[in-house]
Amino acid sequence: MSSKGTKTKIILNLLLLIVIFAIIYYLINQSFADIFAELLSTSVVVLAAAVILGTVYQIAEGRSIKEIAEPFAPNFTTKDGFLTSSYIAFYRIVSFGTGTLISEIYFYNKKGMKLSQGAGVTALHMIMYKLAVITYALAGLVIQFSLFYSNGPSMIWFIIAGILLTIVIVAFLLAMSVSLNVQIFFVSLSNKLFKSERLRKWVDTCNQQIYSLRETVQTIIQDRTALLRIYLWNMLKLVFWYVLPYLILIENHPKIDFLLTISFISFAVVLSGVIPTPAGIGSFEFVYLLLFRPVVGTVDAVSSLLLYRFSSFILPFLYGFVYVIAERRRVIKEEIIEVKKENKENQR
């Protein structure tokens, strides 16, 4: 590459860093302000628990990703999985959610996977996570059914709707990934129903992703225990997030029921994609407060929510921030060395 081209890359990388820092500055002053304020008023023990559990979650997540990615990238490690999760968390925030899937596929591509393989790994990663979420929500519904039936029977239907909707999505994707005939039927039906060019492009995109998913599943199931291991790692990782509300609230509410908090957080995760929410309030936050506020009051419910968001949302972002900055620094340093080398050669 010419010296001019290398200099252009350096400038673009520096501009990218400036944009990233500008977005982070905005987020700190807006979205993150309440969370950081809550951290300052939190006891050291609770804060340490939030950091430790959030970190252990990332490690377990890294292991689950490694189990999915390893057949396509034999040298992919749990550390790589940890960095993948952190990388995704970082770009989820700085892109305001739009770059989540792209960042995951791009990371796998950097590790030597084809784009189609990365898309398949990303899809299976999402499916196994949702299967674990469904499992906890179903268990919580069974355990707390009598409580909801006596105090809020209407909530039962929302929970069931959330679970069923998630099951339908997962079952549909798995059916498409296992059977080529089902995929062909889906494409044929979609082409008959959707006539506009925009919808046809969407169908083509879905078709490509499903093909990638099927390729991934077919590769992984050659090891008969692989899917079970991936599922169990996803079940394990959620434990470290789901116990957080109990550990946060037990200090001021010593009689709070452990299984109740586990059930509530599992319901919040499932319902967050089902219940419409007021403008300016995230769906998860709305459902979380709806469930916890009657039990612990508004102040403690909001406080526990902010700490939960720190551990599950901000902490992975911070790990990703460190990784991305180190990576950008390395790239810029290599490009500067390349420019100096080219300048020396031109002077000869």
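Glycine is treated like the rest: Cβ placed from N, Cα and C.
Per TrEMBL, the features are as follows:
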type	residues	note
TRANSMEM	12-28	transmembrane segment
TRANSMEM	40-60	transmembrane segment
TRANSMEM	89-107	transmembrane segment
TRANSMEM	127-149	transmembrane segment
TRANSMEM	156-186	transmembrane segment
TRANSMEM	230-249	transmembrane segment
TRANSMEM	258-281	transmembrane segment
TRANSMEM	301-326	transmembrane segment
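If you count C-beta pairs under 8 angstroms between the transmembrane segment (301-326) and each of 40-60, 89-107, 127-149, 156-186, the highest count goes to 40-60. Across 12-28, 89-107, 127-149, 230-249, stretch 230-249 shows the highest tally of CB pairs under 8 A with the transmembrane segment (40-60). Taking residue pairs at least 6 apart in sequence, the transmembrane segment (12-28) and the transmembrane segment (230-249) share fewer than three C-beta contacts under 8 angstroms.
Remote same-chain residues near the transmembrane segment (12-28) are listed as 36, 93-94, 321, 324-325, 328, 331-332, 335 (criterion: CB distance under 8 Å, separation of at least six residues from the stretch ends). Sequence-distant neighbours of the transmembrane segment (89-107) (same chain, 6+ residues past either end, Cβ-Cβ under 8 Å): 20, 23-24, 27, 83, 115, 118-119, 122, 125, 313, 316-317, 319-321, 323-324.
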